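Swiss-Prot has this to say about the protein:
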- Tyr231: active site, proton acceptor (ACT_SITE)
- 98-100, 119-120, 122-124, 144-145, Leu159, Ser161, Thr178, Ala200, Tyr231, Lys235, Thr261, His267, Arg272: NAD(+) binding site (BINDING)
- Leu149, Tyr150, Lys177, Asn185, Gly188, Lys191, Arg192, Tyr245, Gln248, Glu249: UDP-alpha-D-glucuronate binding site (BINDING)
- Asn316: N-linked glycosylation site (CARBOHYD)
- Met1: N-acetylmethionine (MOD_RES)
- 1-19: topological domain 'Cytoplasmic' (TOPO_DOM)
- 41-420: topological domain 'Lumenal' (TOPO_DOM)
- 20-40: transmembrane segment (TRANSMEM)
Amino acid sequence: MVSKGLLRLVSSVNRRRMKLLLGIALFAYAASVWGNFVNMRSIQENGELKIESKIEEIVEPLREKIRDLEKSFTQKYPPVKFLSEKDRKRILITGGAGFVGSHLTDKLMMDGHEVTVVDNFFTGRKRNVEHWIGHENFELINHDVVEPLYIEVDQIYHLASPASPPNYMYNPIKTLKTNTIGTLNMLGLAKRVGARLLLASTSEVYGDPEVHPQSEDYWGHVNPIGPRACYDEGKRVAETMCYAYMKQEGVEVRVARIFNTFGPRMHMNDGRVVSNFILQALQGEPLTVYGSGSQTRAFQYVSDLVNGLVALMNSNVSSPVNLGNPEEHTILEFAQLIKNLVGSGSEIQFLSEAQDDPQKRKPDIKKAKLMLGWEPVVPLEEGLNKAIHYFRKELEYQANNQYIPKPKPARVKKGRTRHS
């Protein structure tokens, strides 16, 4: 056992080392300032610049750094409800630094729960959740769900998976592993700790539907070997595993079949129709429409989806539930709408139709309305204006040479991404 005297000695040595390091740092800083001062005197003598303006050039960046440091020590978080220990849940969100996951993180944190975000940052970004870092209810873990995770939680929102065509076609094997092995690991965790698991499934399980609109009892029309099969079939297997664990192991599961969703924090280059059209319109490039543009989609704003996910998790509904906006638009109508909202003079360019592109997609949400009391409330134009504002700021950051991580490029032919 270490004696108190030895501990005091170690502490004293550490303090001396700290003082020495501080002294070295202060000396280096003083030397730098003196060098600049001498240089300024020389400049003044040569009549090139007054010493006062040079001092201001040096001091102002220092003031900025001090302000940044003060902000980091006095970080203000979004308002958080206080929940009693009985009501406060320990919640795990896989893929929680991604587009949808980060918005879900915001809601659950502000509702007063303890949230652990797990992400491998393949498509997720730390900047999406950095405003929570340091909060006592928040934890961020860099982890890939294809490896087991050991943690005590009450609820698991399993969102981890690439969701845009370029990302999951870039690495189809990884996509399959995330949706199968990753789901298996999360179900195993739910079984061990008695947690309820919500699987973020997708409308892609319906494939190119022969039934319109699509209700939860429709089995789908999917190409199992097509370019998108890694995602479509991966989610279908994930659903099957959820219900196998529910029947055999008694794990509580919830399955959300998510339709097209958009909003801030989408990757600008993720290859989906909303981000494609907004980015092209803002940059004055042609809006690329694949095929005739008569294909239909239904778009929901991200906050509506998040509310639906939370409602489903806390419900008694164990069968799959569609979460989407039943307001249907053709791709061509949607392109024209974004052009008008941006105020862009971009032309609309028609390209050859992509393989396996669904001709129609529209959710039947009667079940969500009846059993969850949920339906989308954000009007399409209101949501699009928010997304356009976000994309505009992202482009400004890039123009100012501020680093914005981008997803890895897909190894697919240009112009062949579907209207996801």
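Glycine too: its Cβ is placed from the backbone N, Cα and C atoms.
Shown on the structure are the features that Swiss-Prot records.
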residue	record	Cβ neighbours (10 Å)
Val145	NAD(+) binding site	25
Leu149	UDP-alpha-D-glucuronate binding site	19
Lys177	UDP-alpha-D-glucuronate binding site	18
Thr178	NAD(+) binding site	27
Gly188	UDP-alpha-D-glucuronate binding site	15
Arg192	UDP-alpha-D-glucuronate binding site	13
Tyr231	active site, proton acceptor	26
Lys235	NAD(+) binding site	27
Gln248	UDP-alpha-D-glucuronate binding site	9
Asn316	N-linked glycosylation site	7
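Between the alpha carbons (Cα) of Gln248 (UDP-alpha-D-glucuronate binding site) and Arg272 (NAD(+) binding site) lies a span of roughly 38 Å. Site extent for UDP-alpha-D-glucuronate: among the recorded binding residues Leu149, Tyr150, Lys177, Asn185, Gly188, Lys191, Arg192, Tyr245, Gln248, Glu249, the largest C-alpha separation is 22 Å.
Model confidence over the topological domain 'Cytoplasmic' (1-19) is summarised by a mean pLDDT of 46. The Cα atom of Asp119 (NAD(+) binding site) lies nearest to that of Leu149, taking the recorded positions Leu149, Lys177, Gly188, Tyr231, Asn316 as the candidates. Closest to the residue listed as 'N-linked glycosylation site' by Cα-Cα distance, out of the recorded positions Thr123, Val145, Tyr231, Lys235, Arg272, is Lys235. The separation of the residue listed as 'active site, proton acceptor' from Lys177 (UDP-alpha-D-glucuronate binding site), Cα to Cα, is 10 Å. DSSP classifies Gln248 (UDP-alpha-D-glucuronate binding site) as helix under the three-state reduction. Its Cβ placed at the centre, Asp119 (NAD(+) binding site) has 27 other Cβ atoms within 10 Å. Look at Thr178 (NAD(+) binding site): DSSP puts it in a helix.
Using Cα positions, the member of the recorded positions Gly188, Arg192, Tyr231 nearest to Val145 (NAD(+) binding site) is identified as Gly188. On the backbone, the CA of Arg192 (UDP-alpha-D-glucuronate binding site) and the CA of Thr178 (NAD(+) binding site) stand 20 Å apart. Within the set of recorded positions Leu149, Gly188, Tyr231, the entry lying nearest in space to Arg272 (NAD(+) binding site) is Tyr231 (CA atoms). Nearest by CA distance to Thr178 (NAD(+) binding site), out of the recorded positions Leu149, Gly188, Tyr231, is Tyr231. Each residue contributes its Cα atom, and for Lys235 (NAD(+) binding site) and Gly188 (UDP-alpha-D-glucuronate binding site) those atoms are 17 Å apart.
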